[in-house]
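Engineer: Handing you a structure now.
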Amino acid sequence: MEVEKLLEEALKQKEVTRRTFLKMMAGLGLAGLAGSVGGCLRQHEVAAGGEGWLPYQYDVAGTWPAHVRGRVPIDPSNPSIMRDDRKCILCGQCLEICHRVQSVYGYYELPIRDDIVCINCGQCSLACPTGAIQERDDTEKVLKALKDPNKFVVVQTAPSIRVALGEEFGMPPGTWVTGKMVAALRRLGFHAVLDTNFAADLTIMEEATELIKRIKGELPGRPLPQFTSCSPGWVKFCEYFYPDLLPHVSSCKSPQQMFGATVKTYYAEKRGIDPRKIVSVSIMPCTAKKFEAQRPEMISARKYWEKKKGPDFAKDVTRDVDIVLTTRELAKLIKQAKIDFPRLPDEDFDPLMGKCTGGAIIFGASGGVMEAAIRTAYFFITGKEPPPQLLDLKPIRGLASVKEAAVDIPGAGTIRVAVCQGMAASRQVLDIVRAGKAPWHFVEFMACPGGCESGGGQPRSSVPQANEVRAKRTASLYAADARWVWRESHENPDILKVYQDFYGHPMSELAEELLHTHYTSRADKLKAIQPSEKEKPWEQYYPARLTPEI
Amino acid sequence: MAYEFPEGWRFRMTGWRKFFILVFLVAVGVMIYRLVYGLGAATHLNDQWPWGWWIAVDVLIGVALAGGGYSTAFLVHILHRKQFAPVARAALLTSMLGYILVLIGLFMDIGRWYNFWRPFLVYPGSWHSVLFEVFWCISLYTMVQVLEFGSIVFERVKSDWLKRVFDAMLPPLFILGVVLPTLHQSSLGSLYVVTVDRLDPLWWSIALPIFFLLSSFFVGPAMVTLEGSLAAKAYGRQMEIPVLSRLVKVGAWVMFIYLVLKLIDLGYRNQFGHLFDGSLESNLFLLEIVGGVIVPMIMFAIPSVRNSAGGLITASVLTVGGVILNRMNVVFTGMAAAMGGHYFPKWTEFMVTAGLIALAVLAYCFLVENFAILPAEEHVPAGKPSEAHTSYTVVG
Amino acid sequence: MKGVLVDITRCVGCGSCVVACKLYNNLPWSNAPHLGKDAVLTADNWTVVKEFDVSKGKESVWRFVKEQCFHCLEPACASACFAAAFRKTPEGPVIYNERVCVGCRYCMIACPFSIPKYEWQARFPRVQKCQMCFYRVKDGEMPACVSVCPAGALKFGDRDALLKEAKERIAQNPGRYVNHVYGEKEYGGTCWLYLSDVPFEQLGFRTHVSTESIPHVSERVTKWTLPVAGGWAAVLTALYLATKGSGGAEKSH
Ligand code: SF4
Ligand code: SF4
Ligand code: SF4
Ligand code: SF4
């Protein structure tokens, strides 16, 4: 505008004399004054708003990226995940995962009711490239408990921690770090370092028994197929979207909760520890476990002590699982404590609830729960050890979103099973069950694609989790299973002992009380939208494999 | 008329004056702090309460109380009611000082003070703003008052030529000096017309400008009375009771008109129910109307009361208090429910106001001690004041 | 005239719009909450998504309201500003020019929705509010916040068309909405329109308000300024001249 014109004119003059220079400066001064009075000194403003009046400060696109999309809603009181809005770049990865892979976002009608629908799986936290979404940080609570001289802090570690924790310290995915992990936990000050795998074996004992009872028709109101119940994200998904199928879900608690209930009863009694002093911490690959631990019904130990010693005593017995940390949070604790993780010696779990079998180890991979259950069910039905092909049940291993197998068990006929990972893909199986056309006896569901080993609390990468990483962690789990002394849950000496000394037998009255649970329909929280038949948005990520390969 | 001025400039130092100087100096410090570090640092103003103490007190109340200047000027210079002349100069002086303080207060309150001159330019659309009118009027009126006062100044600063120039300007200035305050006293009310639906309906009315105007008019005599009594006390003189008594009688009439209009307005807008519903708003409104208008109006109407110094001062205090409460109610009480949030002024906000008042007192003292402002003593005692010869004197 | 239709029944409270506004306008993150029950507009929060837990019939439901400047058809802020720092653009957005702003904050008093906020901590504070992404809208693009809403709660378009669509949505989904388009008439109408399924007063909206625009209301008063000034001056002159002889003290010097 004005100023530029003057400058141009001046520059056009071949020779800038003193006179023309002064003229130009005076002109510039006047134009400048006029410009600043009019609030306008920038060229493009004329075109934009006209009349020489325009705010220039809004013509800044800021750090606005070229491609932006929305993101998932997260309730600020969500017990599992939270978001630092300052880091969000609206890339939409969380939405992608939540909608396409988990079929949660976008699968309920608007307006919403009084809940921000979330199955707490934390897959969005793995997908988020900036780390804006992360687990709700509970490390402070643990540090506080560890400092309290009146507390006895026990810790359990889930199967898939040990194949992923090393990644946080520069080791390749799948590195087996059980011994170092136990050593690190001791150095952090935990009073007893125990293994969730023990509880996984316990789960198999209960779940296989339940399955057989269902097949035999001994459990009225509990139809086939039986659904697994150890993935809390899946359980909540079922409560939201398939509440009518809840009777199919095994009444067994997840290993985490079985462990919690047992540690504050059996373990406390055995070791003569006041259950009121026990703080039960769990290290999980999963953000939904934080939610699970807070479910109102997960206070079985308190009820146990109420019966035994009265409400006054029991009121100070806290939840079965008090604090849940993710793998990432554990890594953070270890780093904060300046423990040189890779150089730690290998140490062993503490006794009583520290031993496990290969069947428990493979809980960490999709298909693992099913495989372990089949091994033990085979033994329960036939009284014999399963044949070798049942110890390497290939069809239900791997990263396909839906896998099937049929197993012949003498005395029970052909047992048909399915394994699903990722909730969107699972809908195919669920819809078949809902239609009453299910050929299966037992179906495993894992909320997270890959199963626990790539749960929402596992170490993350700056790009969405690659199947390569998943495969390595899985392979490491199966390798451990293959070399383990005991392969089937019923072989675990600690398990035999806990039944002998405490529970009696699977699904005994005490076991029902401490190891089994019930579910709540969440149908009133949403009005579900059924996806169209053709639409399979997860396919591009995890193609299904619905043809049985046996 | 001959004036006798003492030799040289005088300013008597007393303990009080030292105190006022101290207050003023602290306030100057605060003002510099405010200008350098901004409003957030120097005040408790916030997004819910963008306007607070300074606007309420330094501007709205300041302008209203300075209304004594134009109401007296109207009577004396326009209507030529010379019986009121003895108080005219003092009224002009306090009014002028008041307006200067208002301008300083306003300057303190604007966030981008280096832009204070912008509204003098006319931008497309800016003249629709009520504030535009207020700003222009107040600035012009302050200038008019300074010019009017120039005529007094050049009695002493011997320049007959200049004095003549100023005197020649006086008639149009007198007219401007009434038109402008009429406009902006009412426009200050118009400022709050935009708060329809938010300002409590006891105060919000499309007639707000008329109420602001009338109340600024009737608070004039009360303010002149109070200034007169203070000056009388300070300089050991007699109060101009006969003059003041007539002045407040005029005030009482205006109060009556004000009251009637208020009641009609409330009735028209169906607010009588709200008036007696016991809410904080209604109680403060009643206090303002009964204590600040009805009671003093009746007191002014009774000759025995308004002819006694005590009665006159009491009723004036009530009137002034009523107008102060009214402006406070508009800015704070009436807006509280709609604005939410919380505001209580920071000490710095009080300090600036205190400093400005101290400055005014000091300037007043200096000016009446060096210029002919207060009426000459011999005219004062009882009976009818001379209508033909009002002369002024320098006190001290 | 462009506008945005906000369908509160579709908002899931994700806050994408808030982040978009921050990113696009380069606004700093402050401690004032921008999501949830305590969300507040501030100089840095041009838009917030506020949560309301309300009852709808027998149900208790959560509703989220995206708040920002309404971009009035006849904006109070612009009519109040004595430096004309606010302006209504023909495209719809009401925008602000910090250069001419004096900082009197009368716009904050005048805005019937209490939208403009102030940079209190700055030495020379600016008034801040949503600019409806003026430069995008001018170029025919939708505002940043609208462009990221994953739930389809925000729709950008010609105000007239949006108003029509809003009414159609009400008509076509009987029982889904309360029969009111907020912003159609409020204070003379606004560019941002809202649809809701719970009464607006439960969602923090000022309801039953004047349908006359604020500039209109104050014009009922300001239109008298010049006539009164002229008339009053004439009256005063007449009075002055008429009463001049009566006293006589004036000319004594
Ligand atoms: S993935 Fe992370 S950065 Fe991307 S939109 Fe979601 S929260 Fe924001
Ligand atoms: S909502 Fe307020 S700030 Fe926005 S245009 Fe209207 S008056 Fe102006
Ligand atoms: S229109 Fe632009 S400035 Fe306004 S709230 Fe949306 S993103 Fe922010
Ligand atoms: S982006 Fe859309 S759904 Fe998300 S909070 Fe904003 S308006 Fe609501």
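A Cβ is built for glycine as well, from the same backbone N, Cα and C atoms used for every other residue.
Heads up, here are the entries from TrEMBL:
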TRANSMEM  B:19-39  transmembrane segment
TRANSMEM  B:51-78  transmembrane segment
TRANSMEM  B:90-110  transmembrane segment
TRANSMEM  B:130-153  transmembrane segment
TRANSMEM  B:165-183  transmembrane segment
TRANSMEM  B:203-226  transmembrane segment
TRANSMEM  B:247-264  transmembrane segment
TRANSMEM  B:284-302  transmembrane segment
TRANSMEM  B:309-330  transmembrane segment
TRANSMEM  B:350-368  transmembrane segment
Engineer: Taking B:51-78, B:130-153, B:203-226, B:284-302 as candidates, which has the most Cβ pairs under 8 Å with the transmembrane segment (B:90-110)?
Structural biologist: B:51-78
Engineer: Sort out the residues at least 6 away from either end of the transmembrane segment (B:130-153), same chain, that have Cβ-Cβ distances under 8 Å to it, and list them.
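Structural biologist: Sequence-distant neighbours of the transmembrane segment (B:130-153): 63, 69, 89, 92-93, 95-96, 99-100, 102-103, 106, 119-120, 162-163, 166-167, 169-170, 173-174, 176-177, 180-181, 183-184, 187-188, 190-191, 193-194, 371-373.
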Engineer: Counting Cβ pairs under 8 Å to the transmembrane segment (B:19-39), which of B:51-78, B:165-183, B:203-226, B:247-264, B:350-368 comes out on top?
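Structural biologist: Per the Cβ under 8 Å count, B:350-368.
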Engineer: So which of B:51-78, B:165-183, B:203-226, B:284-302 has the most C-beta pairs under 8 Å when paired with the transmembrane segment (B:247-264)?
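Structural biologist: Selected stretch: B:203-226, with the most Cβ pairs under 8 Å.
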Engineer: Which range out of B:51-78, B:203-226, B:284-302 gives the transmembrane segment (B:165-183) the most CB pairs under 8 Å?
Structural biologist: B:51-78
